[in-house]
Amino acid sequence: MKNDSALATTHSPLPGLGGNGPGARLTFYWGPMDCGKSTLALQMHHNHGRQGRRGLVLTRNDRSLGPKVTTRIGLAQDAIEVTDDLNLWDLAYGKVDYLICDEACFYTVDHIEQLADLVDRAGVDVFAFGLASDFRSRLFPASQRLFELADEVHRLQVEVLCWCGRRGHLNARIVDGQIVRAGEQVVIGDTAAHAEVRYQVLCRHHHRSGTLD
């Protein structure tokens, strides 16, 4: 999987205006950090591609800081970086059967509208993956729109634990060992303890109290 290109396959002709016609769906998979969203995204890309379907992998603000999808278990995949001015309709219309949209929480609301148009008007299956909320526990605008528009919404069931042992579902931003609650909504960081800006999954109680292990 590491050496696949962003375009999964090139040999299968597209039937009509996309992959599934009226049966195409917009599906949103969400969960906190470390729950396996990117891993599932790459697995789905692999499964659809090996059946001869044509697809693209998209991402934005991946932890690698490059145009690729990376996972915490070592998988990596070249991808197309979604920028503010990238029109997803123009990118995919008439060219693919499906889209894998990793880090969809960081897309613009206009991008989500374009994805819905690709499903409804071009028959493209869209599989979106991302966080629901930011470091302040507020919904990302793109995630909110996905919750509103998606045909299916799935919370990933890989359990991520807070340091206290409770189920963790909120992402805390930590700078100099302290939880911060102000700043830009999107700041790329890591989960490593030595990182200048890092993120940690906490339960609601400890996210609200600001208590770290």
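Positions of Cβ are set from backbone N, Cα and C atoms, glycine also.
What TrEMBL records for this protein:
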- GLU103: active site, proton acceptor (ACT_SITE)
- VAL186, VAL187, ILE188, GLY189, TYR199: substrate binding site (BINDING)
Cβ neighbour count within 10 Å of VAL187 (substrate binding site):
15
Determine the minimum-neighbour residue: among GLU103, VAL186, TYR199, listed as recorded positions, which Cβ has the fewest other Cβ atoms within 10 angstroms?
VAL186
At the Cα level, what's the spacing in Å between VAL186 (substrate binding site) and the residue listed as 'active site, proton acceptor', rounded?
12
